[in-house]
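Trainee: Annotation source Swiss-Prot lists FAD binding site at 21-24, 43-48, His56, Ile91, Ala121, Asp294, 301-302, citing experimental evidence. Swiss-Prot lists Cys145-Cys148 with the feature disulfide bond.
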Amino acid sequence: MSIGKLLSNGALLVDVLIIGAGPAGLSTATGLARQLHTAVVFDSGVYRNAKTQHMHNVLGWDHRNPAELRAAGRADLTTRYSTIQFQNSTIEAIRQVETNQLFEARDNEGHSWYGRKVVLATGVRDIPLDIEGYSECWANGIYHCLFCDGYEERGQETVGVLALGPIANPARALHLARMALRLSESVTIYTNGNEQLAKEIQQAAEESPVGASGLKFEARPIRRFEKGDVAKTVIVHLGESESKTEGFLVYNPQTEVNGPFAKQLALNMTEGGDILTTPPFYETSVPGVFAVGDCATPLKAVTPAVSMGSLAAGGLVAQLQAQALPEFRLDQEL
């Protein structure tokens, strides 16, 4: 089975260009392969969970390295199916060729690739806190998701929640704190110098049906984080000289969609900075462009990414099989 149509300029035309080879992109490719549709999956080698040794809450893959899942998915696609090609390169630009309703993607080596549809599975970049030591502790003591991490450190005496950035409001801070309380005897909520926010969170906790039992509130500025010597502990240095050791910290950071493609294609975005899509097939505001995985949902985890990719494949298949292949003309440049 051919992996695409070779054009007169030497470029490859496939049904779908998939930008990203994480769980979402691989899942999309699998669905397309099952209907003998052609696709190129572009793998930049950049993954949000690259620092993570184990993934969790993934059926059948619990406590396995996420690299194993990616490798297995890629192996399935290359050994069992013949219509999917992988390209280890970074796409730098995408545009729609208006004259023929195709899409052109250009990689970091100057090669052009053409597809009838595009799937953005680029993932996101976590925006770090501007506090010394944060990056060293990220994913190794500071966790963004307590379904993904934390269970292995259960039974702590104390853990911390950082009510900063997107978590700097009572509802989100208390949600994470209550999840953390399942794994620890007490939870300290840090507001990094914001005394008013600390009061608001405390008041909301005390007035809630479950109360504030087990919760502590720390409004002093955080000077720096330091990785502890034991397990996933993090030392939080406060004010001038005091410090507190936590079993681990919880913080869900602001994220930024990887790549320039949302801007290049003029896609609509959500208030949270994700690509806006329409379920159940996750097509964006530009017809023919789909977005799946972390770049298109606030629920940034492996299982939702796989689900989104599978559903997007269903939408892609329906469109591809209902639309005639447009005539191809090379009359525009990026």
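Placement of Cβ uses the backbone N, Cα and C atoms for every residue, glycine included.
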Trainee: Cα within 10 Å of Cys145 (disulfide bond): which of the binding-site residues Pro23, Asp43, Gly45, Tyr47, Ala121, Ala301 qualify?
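Mentor: Matched binding-site residues: Ala301, sequence order.
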Trainee: Could you round the CA separation between Gly45 (FAD binding site) and Cys148 (disulfide bond) to a whole angstrom and send it over?
Mentor: 22
Trainee: Which whole-number value in Å describes the distance between the Cα atoms of Cys148 (disulfide bond) and Asp43 (FAD binding site)?
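Mentor: For Cys148 (disulfide bond) versus Asp43 (FAD binding site), the Cα atoms are 24 Å apart.
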Trainee: Sorted by position, what residues of the same chain at least six away from Tyr47 (FAD binding site) have a C-beta under 8 A from it?
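Mentor: In sequence order, Gly22, Pro66, Arg70, Gly123 meet the Cβ cut-off.
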Trainee: Let me spell it out: for each of the recorded positions (Ala21, Ala121, Cys148), count the other Cβ atoms within 10 Å of that residue's Cβ, using every protein chain shown. Which one has the most?
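Mentor: The most densely surrounded of these recorded positions is Ala121.
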Trainee: Pick from Pro23, Gly45: which of these binding-site residues has the biggest number of other Cβ atoms within 10 Å of its Cβ?
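Mentor: Buried the deepest by this measure is Pro23.
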Trainee: Same-chain residues six or more away whose CB lies under 8 A from the CB of Ala301 (FAD binding site)?
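Mentor: Asn57, Cys145, Phe147, Cys148 - these are the non-local Cβ neighbours of Ala301 (FAD binding site), listed in sequence order.
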Trainee: Under a three-state reduction of DSSP output, how is Ala21 (FAD binding site) classified: helix, strand, or coil?
Mentor: coil
Trainee: Identify, in sequence order, the residues in the chain of His56 (FAD binding site) that are 6 or more apart from it along the sequence and have a CB within less than 8 Å of its CB; answer 'none' if there are none.
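Mentor: Once residues fewer than 6 apart are set aside, His56 (FAD binding site) is near Asp62, His63, Phe147, Cys148, Asp149, Tyr151.
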Trainee: Let me check the 10 A CB neighbour count of Asp43 (FAD binding site). How many other CB atoms are there?
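Mentor: Taking all protein chains shown, Asp43 (FAD binding site) has 20 Cβ neighbours within 10 Å.
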Trainee: Please report the number of other Cβ atoms within 10 Å of the Cβ of Cys145 (disulfide bond).
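Mentor: 16, counting other Cβ atoms within 10 Å of Cys145 (disulfide bond).
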